[in-house]
Amino acid sequence: MVLFLLLVALLSPAGEAGKIIGGHEAKPHSRPYMAFLQIKISGKSYRCGGFLVHEDFVLTAAHCLGSSISVTLGAHNIVDRERTQQVIQVRRAIPHPHYNDKTLANDIMLLQLTRKAEMSDAVSPINLPRSLEKVKPGMMCSVAGWGQLGVNMPSADKLQEVNLEVQSEEECIARFKNYIPITQICAGDSTKRKNSFSGDSGGPLVCNGVAQGIVSYGKDDGTTPDVYTRISSFLSWIQRTMRRY
C-alpha cells in the first residue's frame with residue numbers, strides 16, 4: 001500500500017479534496033485558530049489546512065508548500081463570503097530546513113502573513129505545547145479540516161471534525177517504514193473508520209485544547225492510524241523562526 005500524503009488529492013485538482021472521514025460538521029467558529037489554505041502550483045489551485053499560532057504566523061505541513069498561498073481565517077463555510085472571514089496572502093513560507101519530501105521527516109512549515117490577523121471570536125491563535133509535554137497512547141484528541149470524506153469523495157464546504165485516539169508508537173512503526181517516534185505522533189484507532197484524509201494536511205491534532213500535532217500522511221485507502229508531526233519536538237525552531245521575521 002503506498003503512502004498517502006494527506007494532501008495528495010490536494011496535489012490534483014482542488015475539487016478532488018474532500019473532508020474528514022467518519023466525523024461530523026463542527027460548530028461554526030468553535031475552532032477559531034483554523035486556517036484554510038488555497039495553494040497555487042503551476043497555475044492550478046490546491047488546498048491544505050493550517051492553524052494560527054501568532055497574529056501573523058500560521059503553522060502547517062511542509063508538503064503544503066506552493067508558489068503562492070492564500071490564507072482564509074475565520075471561516076466555517078469556505079464557499080460563502082462570511083463576514084467573519086479574513087483572507088490574507090502569505091509573505092513568506094518557511095519549511096523546516098531538514099524537511100525530507102521522500103520520507104516526510106520534519107513535515108512542518110511556518111507561514112508569515114502579509115499583515116496581522118484581526119483577533120475576534122472567530123479568529124484567534126491556539127496554544128502550542130510545552131517543550132517537555134508528551135501525548136500518550138489512549139489520549140483522546142481531535143482533528144478538523146475541509147478534507148475528504150473518503151476515497152474519491154467530494155470536498156467539504158463546511159468545517160468537519162473527528163475525535164481520534166493516540167496509538168502506541170509500535171502501531172505506526174509496524175505500519176510505516178519511515179515513522180520516527182521522536183518527531184511524529186501515531187493517532188487513529190485501526191478498528192474505527194475515523195481519521196483525517198486528503199485535503200486535511202497541515203491541520204492541527206488538538207489534545208486538551210493544545211495543538212500537539214500536524215496532519216502529515218497515512219495510507220491511500222483511508223485506514224488508520226495516520227502520522228502527525230510532533231510539534232513539541234520543533235518548538236525551538238518555531239520560536240526562533242518567528243523571532244527572526
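Each Cβ is built from the backbone N, Cα and C atoms, and glycine gets one as well.
The signal peptide annotation in Swiss-Prot covers 1-17 and is backed by sequence analysis.
On the 0 to 100 pLDDT scale, the domain 'Peptidase S1' (20-243) averages 92 in the predicted structure. The domain 'Peptidase S1' annotation in Swiss-Prot covers 20-243.
Per Swiss-Prot, disulfide bond is recorded for Cys48-Cys64 (among others). Mapped onto three states, the DSSP output places Cys48 (disulfide bond) in strand.
According to DSSP, His63 (active site, charge relay system) sits within a helical segment. Annotation source Swiss-Prot lists active site, charge relay system at His63 (among others).
DSSP assigns Asp107 (active site, charge relay system) to coil in the three-state reduction, placing it in neither a helix nor a strand. When other Cβ atoms within 10 Å of the Cβ of Asp107 (active site, charge relay system) are tallied across all protein chains shown, the result is 29. Swiss-Prot lists Asp107 (among others) with the feature active site, charge relay system.
What Swiss-Prot records for Cys141-Cys207 (among others) is disulfide bond, and it gives sequence analysis as the kind of evidence. Cys207 (disulfide bond): 21 other CB atoms within 10 A of its CB, across all protein chains.
Within 10 Å of the C-beta of Cys172 (disulfide bond) there are 23 other C-beta atoms, taking all protein chains into account. Per Swiss-Prot, the feature disulfide bond maps to Cys172-Cys186 (among others); the stated evidence is sequence analysis.
Under DSSP, Ser201 (active site, charge relay system) is assigned to coil, being neither helix nor strand in the three-state scheme. Neighbours of Ser201 (active site, charge relay system), defined as other CB atoms within 10 A of its CB across all chains, total 33. Marked as active site, charge relay system by Swiss-Prot on the basis of similarity to another entry: Ser201 (among others).
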Counting other Cβ atoms within 10 Å of each residue's Cβ, which of the disulfide-bonded residues Cys48, Cys64, Cys141, Cys186 comes out lowest?
Cys141
Look up Cys172 (disulfide bond) in the DSSP assignment and report helix, strand or coil.
helix
